[in-house]
Each structure stands twice: as C-alpha cells, then as structure tokens.
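Engineer: Encoded as structure tokens, here's the structure I'll be asking about.
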Amino acid sequence: MKTLLLTFLVVTIVCLDLGYTLICHQVHGLQTCEPAQKFCQKRTTMFFPNHPVLLMGCTYNCPTERYSVCCSTDKCNK
C-alpha cells in the first residue's frame with residue numbers, strides 16, 4: 001500500500017507544472033519570462049525613417065502594431 005501511495009505521489013508531482021515560465025527568443029539568445037509575462041513577441045518598428053529595428057522577447061500583452069507577431073508557446077517567436 002505504501003508503494004502505491006508513493007508511486008501516486010511521484011506521478012502527481014511529475015504531472016504538475018509547478019513554476020512554469022515561458023521561454024522566448026530575443027535578438028541574441030533566449031529569455032526566460034517572468035511568471036506574469038504570458039506572451040512572446042516579435043515586432044519591427046521604426047525609431048527613425050528607413051531604419052527598422054527588430055524587437056523580440058517576453059511581453060505582458062500582445063502588441064497591436066501592424067508588423068508584430070504574438071504567441072504563447074516556448075520559443076514560438078523565431
């Protein structure tokens with residue numbers, strides 16, 4: 001009986017997703033998101049005319065800009 005309970009406990013712990021955080025691509029490497037950051041983003045913006053800048057990483061909400069991608073799975077913003 002103890003073996004059965006121990007097995008059940010181990011399976012329960014393995015199946016639970018304790019402390020899961022999202023992983024997103026940045027321009028250089030990967031970023032582990034804060035628990036409240038539920039989305040990865042990839043967007044192109046222009047700070048100066050004819051000079052596009054690529055922004056990638058974790059975000060709290062999805063950008064609504066025209067040239068942006070938002071997703072919610074690990075490494076989905078490549």
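Keep in mind that glycine also has a Cβ here, set from the backbone N, Cα and C atoms.
According to Swiss-Prot:
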SIGNAL    1-21  signal peptide
DISULFID  CYS24-CYS40  disulfide bond
DISULFID  CYS33-CYS58  disulfide bond
DISULFID  CYS62-CYS70  disulfide bond
DISULFID  CYS71-CYS76  disulfide bond
Engineer: Within 10 Å of each Cβ, count the other Cβ atoms, then let me know which of the disulfide-bonded residues CYS24, CYS70 comes out lowest.
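Structural biologist: So among CYS24, CYS70, the disulfide-bonded residues given, the one with the fewest Cβ atoms within 10 Å is CYS70.
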Engineer: Determine, to the nearest whole angstrom, how far the Cα atom of CYS71 (disulfide bond) is from the Cα atom of CYS40 (disulfide bond).
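Structural biologist: Spelling it out, the Cα of CYS71 (disulfide bond) and the Cα of CYS40 (disulfide bond) are 5 Å apart.
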Engineer: At the level of the C-alpha atoms, what whole-angstrom distance separates CYS76 (disulfide bond) and CYS58 (disulfide bond)?
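Structural biologist: Distance (Cα to Cα, whole Å): 11 Å.
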Engineer: Report, as a single number, how many Cβ atoms besides its own are within 10 Å of the Cβ of CYS62 (disulfide bond).
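Structural biologist: Here the count is 16.
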Engineer: With the cut-off set at 10 Å between Cβ atoms, which of these disulfide-bonded residues ends up with the most neighbours? Options: CYS33, CYS40, CYS58, CYS71, CYS76.
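Structural biologist: Output for this query is CYS40.
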Engineer: Can you check what DSSP calls CYS40 (disulfide bond), collapsed to helix, strand or coil?
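Structural biologist: Looking at the DSSP assignment, CYS40 (disulfide bond) belongs to a strand.
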Engineer: Using CYS70 (disulfide bond) as the reference point, find which of the disulfide-bonded residues CYS24, CYS33, CYS40, CYS58 has the shortest Cα-to-Cα distance to it.
Structural biologist: CYS40
Engineer: Go through the disulfide-bonded residues CYS33, CYS58, CYS62 and tell me which ones have a CA within 10 A of the CA of CYS24 (disulfide bond).
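Structural biologist: Near CYS24 (disulfide bond), where near means Cα within 10 Å, the disulfide-bonded residues are CYS33, CYS58.
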Engineer: What Cα-Cα separation, expressed in whole Å, is found between CYS40 (disulfide bond) and CYS58 (disulfide bond)?
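Structural biologist: Approximately 5 Å lies between the Cα of CYS40 (disulfide bond) and that of CYS58 (disulfide bond).
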Engineer: Distance check, please: Cα of CYS62 (disulfide bond) against Cα of CYS33 (disulfide bond), rounded to an integer number of angstrom.
Structural biologist: 14
